[in-house]
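Look at Swiss-Prot and you will find G10, P11, R12, G13, R14, M15, G99, T100, T101, A125, P126, N127, F128 tagged as NAD(+) binding site, backed by sequence analysis. What Swiss-Prot records for K38 is NADP(+) binding site. If you look up Swiss-Prot, you'll see H155 marked as active site, proton donor/acceptor, on the strength of sequence analysis. Per Swiss-Prot, the feature (S)-2,3,4,5-tetrahydrodipicolinate binding site maps to H156, G165, T166; the stated evidence is sequence analysis. Here Swiss-Prot flags K159 as active site, proton donor.
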Amino acid sequence: MKEIKVIIAGPRGRMGHEAVLLMERTEHFNLVAAVDYKHGGEKISDLPGMPALHAPIYADLHTCLDEVEADVLLDLTTPEVGKQHVTLAVERGLRSVIGTTGFTEEELARLTENAKEKAVGTIIAPNFAIGAVLMMKFSQMAAKYFQDVEVIELHHDQKLDAPSGTAVKTVELIRQNRESKQQGHPNEVEQLAGARGANVDGIHIHSVRLPGLIAHQEVMFGGDGQMLTVRHDSFNRASFMSGVKLSIETVMNLDHLVYGLENIID
C-alpha cells in the first residue's frame, strides 16, 4: 500500500499515544509531524513513554501545515480544538480524521458543505471501535421492532462531553427506524431535576462518569414480556486503533465528509 503521511494532533493524550504506536507498527503510515501546544519545537521521541520516532512537534496547526507536507490530519484533541482543526484542514484541502465529538447539527452541515465544495475527504468518528459501530447498527435494526428504548453510556471521569458522541449517534440512527414517542409514563414527574437523563425525541440518554471506566454503552429495548440489550465495552484504548487505521486508509479515497464509521464499513 502507498505510504500515507500523517499529522497527529493531541499525541500526549491516551488516544494520541495509542495512535503514535499505531504509526510505529504500520508500515505504510509515516508520522511526519504532531501538534501539541505545550511541546512545540520538540520531537515525538522527546515525550515520556513515546517510541523513537523523530517527527517534529508544532505548537499550532497553522504553522505545521505551512511547513509540513501531509496526506491526513488525525485529530485526537478536545471538542473545541477539534472543531478548529477540522475547519482549517478543510480550508487547506487536507484530508482529516476527527476523533473528537460534540459537533452540533449546524456545525456538521456547514462542514459537510465546505468539504463537498473543496472535494476534500473528511471522516468524523464518534467512536473508532468497530464493535461500537456494530452496536449502533444493531440498535438501529432493533428499533424497527422495539419502539421502547433507553441508552446508558458509561465513560471515564475525565471525559469532557456528555452525553457521549456515540450515544448521540446511536439515538440518531434509532430515530431513523422509530416513530417519535415519549418514553415512560406521559404524566411522569422528576422528583429531582435530571433524574430521567437527557431527552432526544422521547429517547432518554443516561451518562455515567467514574474512574475505572473506559468507554461502554448499552442500549435497552423493552417489549411485552421481553427485553433486548445491545452492549459494547472498550477495556482499553487499543480497541479503537482498528477503526483509526481503517479511517486513515479510507479517507484517502473520499472527496466529501462522512460522519460515523458505520458509513464506511460493509
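Note that Cβ sites are derived from N, Cα and C of the backbone, with glycine treated the same way.
Everything Swiss-Prot records as a feature, shown here on the structure.
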residue	record	CB count, 10 Å
R12	NAD(+) binding site	18
R14	NAD(+) binding site	15
K38	NADP(+) binding site	9
G99	NAD(+) binding site	26
T101	NAD(+) binding site	22
P126	NAD(+) binding site	25
H155	active site, proton donor/acceptor	23
H156	(S)-2,3,4,5-tetrahydrodipicolinate binding site	14
K159	active site, proton donor	16
G165	(S)-2,3,4,5-tetrahydrodipicolinate binding site	21
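Summary of the (S)-2,3,4,5-tetrahydrodipicolinate site environment: with the site residues H156, G165, T166 set aside, the chain residues having Cβ atoms within 8 Å of the Cβ mean position are T101, P126, N127, E153, H155, K159, D161, S164, A167, A215, Q217. If you take the Cα of H155 (active site, proton donor/acceptor) and the Cα of T166 ((S)-2,3,4,5-tetrahydrodipicolinate binding site), they are about 11 angstrom apart, rounded to a whole number. Non-local contacts of G10 (NAD(+) binding site) by the CB criterion (under 8 A, 6+ apart in sequence, same chain) comprise G16, V35, D36, D75, L76, T77, T78, V81.
Taking the C-alpha positions, the distance from the residue listed as 'NADP(+) binding site' to R12 (NAD(+) binding site) comes to 10 Å. For F128 (NAD(+) binding site), the Cβ neighbour count at a 10 Å cut-off comes to 27, with all displayed protein chains included. Using a 10 angstroms CA-CA radius around T101 (NAD(+) binding site), the binding-site residues that qualify from H156, G165, T166 are G165, T166. DSSP assigns H155 (active site, proton donor/acceptor) to a strand in the three-state reduction. Neighbour count (other Cβ atoms within 10 Å of the Cβ, all protein chains): 26 for T166 ((S)-2,3,4,5-tetrahydrodipicolinate binding site). Under DSSP, T101 (NAD(+) binding site) is assigned to coil, being neither helix nor strand in the three-state scheme.
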